[in-house]
């Protein structure tokens, strides 16, 4: 007796998951934001930050309606990385030395790509599973949502502030930051607050890249030792 074939899941249904639709909205918001990033900085800031906030919304919606999907997770991470990369490229055209922002871009992409690939090699279901990490800061980042949120928000807000306070092309980054911090204003307080969270995030990115590289090397060693 022939076995009945299981019905194939509809691809379209996954594309139309509510959290994935939120993801498409994020992409659209970012497209509009970057289209006006030089002509209307305040509008860019509002659209970009709103898109960033939707990052938390799509995750909550996915869990609330049981619509967690691999496609959604990939869409979420790609949107995050691309939007941050675009903003860093813009800042590299405004401030000098531009290498600062290009280095941050390289670190962000390299650390997250290595982390995702090492997660695949280790057979883990999520790149946020770092319970076996020897770094307490790395475990704290992925284990404490409040701390993670603070670090991520600090990075994005800092980059937005730098875009808003730039008056001319080819600004000196250090001079602008020091001048803003010495003004003793709500903006200087916010800048200082975000600088600390930003520094934590970059430290974690370095740890993440090194930890992921270790996993890849360990995988190669174990592969060579197999008969």
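Glycine too: its Cβ is placed from the backbone N, Cα and C atoms.
Proximity of distant same-chain residues to the transmembrane segment (12-36), defined by a Cβ-Cβ separation under 8 Å and at least 6 residues beyond the stretch ends, is recorded for 43-44, 47-48, 50-51, 54-55, 57-59, 61-62, 65, 67-69, 71-72, 75-76, 79, 82-83, 86, 90. The annotation transmembrane segment is assigned in Swiss-Prot to 12-36 (among others) on the grounds of sequence analysis.
For 42-61 (among others), the entry in Swiss-Prot reads transmembrane segment, with the evidence type sequence analysis.
When other Cβ atoms within 10 Å of the Cβ of residue 80 (Mg(2+) 2 binding site) are tallied across all protein chains shown, the result is 18. Sequence annotations record features per position, and here Swiss-Prot assigns Mg(2+) 2 binding site to 55, 76, 80 based on similarity to another entry.
What Swiss-Prot records for 55, 58, 76 is Mg(2+) 1 binding site. When secondary structure is read from DSSP and collapsed to three states, residue 76 (Mg(2+) 2 binding site) falls in the helix class.
Residue 59 (CDP-1,2-diacyl-sn-glycerol binding site) carries a helical DSSP state (H, G or I). Long-range C-beta contacts of residue 59 (CDP-1,2-diacyl-sn-glycerol binding site), restricted to its own chain and to partners at least six residues apart, with a cutoff below 8 Å, comprise 19, 76. The CDP-1,2-diacyl-sn-glycerol binding site annotation in Swiss-Prot covers 59, 63, 69.
Taken from Swiss-Prot, the feature transmembrane segment applies to 73-95 (among others).
Annotation comment: Swiss-Prot describes 80 as active site, proton acceptor, evidence class similarity to another entry.
Feature annotation from Swiss-Prot assigns transmembrane segment to 101-122 (among others). If one looks beyond the transmembrane segment (101-122) by at least 6 residues along the same chain, the residues whose Cβ comes under 8 Å of a Cβ in the stretch are 77, 81, 84-85, 88-89, 91-92, 95, 129, 202, 205-206, 208-209, 211-213, 215-216, 219.
Feature annotation from Swiss-Prot assigns transmembrane segment to 142-165 (among others).
For 177-200 (among others), the entry in Swiss-Prot reads transmembrane segment, with the evidence type sequence analysis.
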Note = Whole-number Å distance separating the Cα atoms of residue 55 (Mg(2+) 2 binding site) and residue 63 (CDP-1,2-diacyl-sn-glycerol binding site) is 13
Task = Return the residue, from the listed binding-site residues 55, 58, with the maximum count of other C-beta atoms within 10 angstroms of its C-beta.
result = 58
Cβ pairs under 8 Å between the transmembrane segment (42-61) and the transmembrane segment (177-200), at least three = no
Query = Setting 55, 76, 80 aside, what same-chain residues sit with their Cβ within 8 Å of the center of the Cβ atoms that define the Mg(2+) 2 site, listed in sequence order?
reply = 23, 26, 58, 59, 77, 79
Task = Have a look at the binding-site residues 58, 63, 69 and say which one has the shortest Cα distance to residue 80 (Mg(2+) 2 binding site).
result = 58
Inquiry  = To see if you understand the setup: which same-chain residues, six or more apart in sequence, place their Cβ under 8 Å from that of residue 69 (CDP-1,2-diacyl-sn-glycerol binding site)?
reply    = 14, 17, 19, 20, 62
